[in-house]
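Everything below concerns the one structure shown next.
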């Protein structure tokens, strides 16, 4: 499996290792996907609040997989953190209880969950929760056009775990080259983070020692009860 221990003592995961680590976390008995998504989404919301403490208008663009689920969880927590103009774009919704429940939880807070992409200029922050570390290939409709909108936006952009459309290991090599201002890595940064030069947070404070040892993970030294830690700017 491909891992790279580098960058100020923090391990960067390749795609294969990141997928296998998730499987290990969810082995039975272990974490449920609901638990991991809740903790990941909480970390994302904490990072958004830390980077943009005054943001009230927050647009979450959610993809069809677990990365999108993290975005839905983050939307709920951001509302509870005080943001009152939270909106979710969720054009492709899995027909599974987990994702239906996440949508209902947003709607219970009167967070609009819509299919169409609005003008991002009307928001303080946009959260890219479209594709995660298991994605490969080129984005297909409707996400190809959505990512081009995010590529053109002048609104501050925060990406969840990997900037959508980036190669998980090689970075912005595909046709869509998002340039997020903030990256929130989950569990451990992925190799593509070495190509990112903005503000970089890590979250997902739930890795047990046996899993960390198996993958040789050097995890960041979280402070106190914090769910996130800002990493040094790697500036590649």
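Along the chain as shown, residues are numbered 1 onward.
Note that Cβ sites are derived from N, Cα and C of the backbone, with glycine treated the same way.
Those TrEMBL annotations? Automatic predictions, nothing curated.
The (6S)-NADPHX binding site feature in TrEMBL is assigned to 66, 67, 68, 69, 70, 132, 133, 134, 135, 136, 137, 138, 161. Annotation for residue 133 ((6S)-NADPHX binding site): spatial neighbours 13, 15, 18, 19, 161, 162, 168, 190, criterion Cβ-Cβ under 8 Å with sequence separation of six or more.
Taken from TrEMBL, the feature K(+) binding site covers 67, 128, 164.
The domain 'YjeF N-terminal' annotation in TrEMBL covers 18-219.
If you take the C-beta of residue 67 (K(+) binding site) and look for same-chain residues 6 or more apart in sequence within under 8 angstroms, you find 129, 130, 131, 132, 135, 160, 161, 164. In this chain, none of the residues that are 6 or more apart from residue 137 ((6S)-NADPHX binding site) has a CB less than 8 Å from its CB. Residue 128 (K(+) binding site) sits 9 Å from residue 68 ((6S)-NADPHX binding site), taking the C-alpha atoms as the reference points. Applying an 8 A CB threshold to same-chain residues 6+ apart, the list for residue 66 ((6S)-NADPHX binding site) reads 33, 37, 132, 134.
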